[in-house]
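The N-myristoyl glycine annotation in Swiss-Prot covers GLY2. Summarising the annotation, Swiss-Prot assigns domain 'G-alpha' to 32-354 and lists sequence analysis as the type of evidence. The region 'G1 motif' annotation in Swiss-Prot covers 35-48 and is backed by sequence analysis. Look at Swiss-Prot and you will find SER47, THR181 tagged as Mg(2+) binding site, backed by similarity to another entry. Residues annotated as region 'G2 motif' in Swiss-Prot: 173-181. Taken from Swiss-Prot, the feature region 'G3 motif' applies to 196-205. Summarising the annotation, Swiss-Prot assigns region 'G4 motif' to 265-272 and lists sequence analysis as the type of evidence. Under the heading region 'G5 motif', Swiss-Prot lists 324-329, citing sequence analysis as support.
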Amino acid sequence: MGCTLSTDDKAAQERSKMIDRNLRDDGEKAAREVKLLLLGAGESGKSTIVKQMKIIHEAGYSEEECKQYKAVVYSNTIQSIIAIIRAMGRLKIDFADQARADDARQLFILAGSTEEGFMTGELAGVIQRLWKDGGVQACFSRSREYQLNDSAAYYLNDLDRISHASYVPTQQDVLRTRVKTTGIVETHFTFKDLHFKMFDVGGQRSERKKWIHCFEGVTAIIFCVALSDYDLVLAEDEEMNGMHESMKLFDSICNNKWFTDTSIILFLNKKDLFEEKIKKSLLTICFPEYAGSNTYEEAAAYVQCQFEDLNKRKDTKEIYTHFTCATDTKNVQFVFDAVTDVIIKNNLKDCGLF
């Protein structure tokens with residue numbers, strides 16, 4: 001009776017080694033795959049973050065892809081000026097120059113008859129004259145009292161360029177476009193040897209029931225908050241302040257039993273708009289108990305505390321907060337680099353890969 005292995009035993013041993021090797025490879029592959037769930041109330045900047053991932057981690061938008069956004073740029077621009085003109089009626093604001101009333105009538109006629117993806121010289125002229133009117137500007141300065149696209153001034157101030165016959169949207173123009181996200185948008189990219197799958201979920205509450213099957217096995221949640229929402233009402237629920245709506249949603253996500261082991265990254269977004277607004281619109285609109293100054297630093301720190309205090313598991317769960325401007329590529333690049341390091345530290349060190 002010798003100790004030599006039979007041919008069958010050797011084959012079995014080889015098979016066993018191969019299975020172990022495959023399992024190890026699969027384990028490494030799984031460890032390198034990062035699932036990110038982007039959550040937040042409507043218009044908090046989630047889709048802009050996704051666009052930035054394409055710009056930062058892929059080749060960005062090709063000229064052909066940029067051209068496809070032309071119709072959206074025009075639609076956003078036209079809808080913005082229409083929203084302001086309609087709000088003037090509700091807020092009882094008159095045109096500084098009464099001749100603009102004819103332009104307003106013309107705007108509605110031309111907007112209804114212009115082919116999608118085109119901006120005629122006549123329509124551009126009407127919009128330009130309206131935008132320069134003192135009454136229109138007065139109404140624009142009260143935009144917290146009605147729903148207006150954040151990019152309204154960006155496009156309207158640049159009407160000469162975007163209405164030009166040879167206009168092709170820039171990457172920044174594309175970043176500023178607003179199209180309501182419905183359903184789930186999945187984006188894949190590689191960064192720091194990790195394979196990211198990012199899921200952008202429709203922000204409006206009517207869409208939230210669609211999130212559920214995205215949750216399983218998610219590595220981290222990036223929760224976006226529009227800081228500038230503190231003095232707005234929400235489109236779907238005129239009774240609830242936008243910031244309170246975000247806090248309510250964050251509470252339900254942060255303390256959800258499914259996310260006990262999930263890293264929660266909080267993006268307090270639109271910091272640029274917040275910095276402008278806080279000079280003239282008091283934080284007490286949203287937080288009556290706030291007794292601090294209306295400086296950006298103090299007000300922003302207070303909002304951060306309000307969100308972080310919602311975490312009921314402070315002893316075991318850390319919230320990683322970043323102030324962001326989703327339309328600023330350098331800022332998003334810097335923040336996402338820090339976010340990736342947190343993901344590596346929290347989720348991947350155990351595998352011995354990093």
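Cβ coordinates come from backbone N, Cα and C, glycine included.
Source: prediction; values computed, not measured.
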**OP:** Please determine which of the binding-site residues listed here (SER47, THR181) has the lowest count of neighbouring CB atoms within 10 Å.
**Re:** THR181
Subject >> Per-state residue totals over the region 'G5 motif' (324-329) - DSSP helix, strand, coil >> reply: 1 helix, 0 strand, 5 coil
Original post:
Reported in the order helix, strand, coil, what are the DSSP residue counts of the region 'G4 motif' (265-272)?
Top reply: 2 helix, 5 strand, 1 coil
Original post:
Mean pLDDT over the region 'G1 motif' (35-48): what is the value?
Top reply: 92
Original post:
Which three-state DSSP class does THR181 (Mg(2+) binding site) fall into?
Top reply: coil
